[in-house]
Amino acid sequence: MFAISNLSISHYEAQIFFNSENLVSFLANLSCHLFGQNDFAVRLPFLLIHLINCIIMYRYSKLILKRKGDRLLCVSIYMFLPGTMVSAIVVNEAGIILFFTLLFLYLYESKRSFISYMVLTIALFVDSAFGILYLGVLFYAIYDKKRNLAIVAIVLLMISIIFYNYDIHGKPRGYFLDAVGIYAAVFSLFGFLFFIYAVYRIWIKERKSLLWFIVITAFLLSLILSFRQRFDIEKFLPFATIAVPLIVKVFFSSQRIRLPKFRKKHNFFGLLTLIFLAIHSFFIINSQILYPIVFKNEPSRHFIYKFDIAKDLANELKSKDINSVITLDSELRVRLKFYGIQSGGRYILSSENIGISKHEIDIVKFGNTVVKFYLL
């Protein structure tokens, strides 16, 4: 809730809210209709979905991790992964993708195949990202000789390809390092290294589960695509974050086969990973303190900048009894609209002093001026 209070709606979120016709937009608009048009209301559905996903993750982890302490650690790591934390406080489809994927996994592994197939089918109409899920499920079904599951997966995959017309065209360019960097940010640095270690160890030494096939399919497919073109990697990330039970299982399996005196290396790297995860989580929640520390001279380079400024600017305008402005910045215009500042009126809003300004508005964070606006 504290993190949400420090956010403004981004241009991407505002476009979803005002101009999209999908489940994400429907949930955001419904919440604002019930609780008022504000940052808490627009993000509430995705925070609730995140909490539901954590419950499903715990129940699903019971099928993989036998010790209660391991399951609690698994869910705690999942909750505080930078990627899942962001999905909980930003208007986006990641939480919905995670919900359907985790629900399918839990139902299928609990031997409720028919219901799990229904979940897969419903997911087809929710988001194009589930084509990745169907591909991973198909690979598993072939590997484990699950005929019925293979038929369902291939039918849904073909319909998804026809219905969504995935774009794999474009001028070949390499974005591999960008993709790796995004994954490292989603997991935190050492968390990503553990992720690589876990999926690789299972690949060469252990029996492959349905979860593993979904994770490795999304991960490798995203890396392969990154060699050719820029693509919507956000569609792939949710399928990687559900690997947490695998990471925890592989870590403790490797640690516990050793005598206590030989576990120091595992304990050290495990603790280091949790420390880095805690640091990442802290700066996501308290992101604005980085303005004067890291981004004092170039605040616009802060990763939170696109989710900042608009609410503070709208409040400053309202304090001056200004409810409409003219601005050439189309992205800022739609963001201000969310906070009740309409387009038009007698004032021109600019971030550059192009004339004799009537008012100046400084947006200040922790004593550091992030941006200055002029009313002409």
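A Cβ is built for glycine as well, from the same backbone N, Cα and C atoms used for every other residue.
The shown structure was predicted, so the numbers you read here are calculated from the model rather than taken from an experiment.
Quick look at what TrEMBL annotates:
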DOMAIN    24-159  domain 'Glycosyltransferase RgtA/B/C/D-like'
TRANSMEM  40-58  transmembrane segment
TRANSMEM  79-108  transmembrane segment
TRANSMEM  114-142  transmembrane segment
TRANSMEM  149-168  transmembrane segment
TRANSMEM  180-203  transmembrane segment
TRANSMEM  210-227  transmembrane segment
TRANSMEM  233-252  transmembrane segment
TRANSMEM  268-291  transmembrane segment
Per-residue pLDDT averaged over the domain 'Glycosyltransferase RgtA/B/C/D-like' (24-159), given as an integer: 95
Contact check, the transmembrane segment (210-227) vs the transmembrane segment (268-291), 3+ Cβ pairs under 8 Å, seq sep 6+: no
Helix, strand and coil residues within the domain 'Glycosyltransferase RgtA/B/C/D-like' (24-159) as assigned by DSSP: 111 helix, 0 strand, 25 coil
Residues from the same chain, set at least six apart from the ends of the transmembrane segment (268-291), whose C-beta lies under 8 A from its own: 2-3, 6, 77, 80-82, 85-86, 188-191, 194, 251, 255, 299, 302-304, 308, 365-366, 368, 370
Contact call for the transmembrane segment (114-142) against the transmembrane segment (40-58), three or more Cβ pairs under 8 Å: no
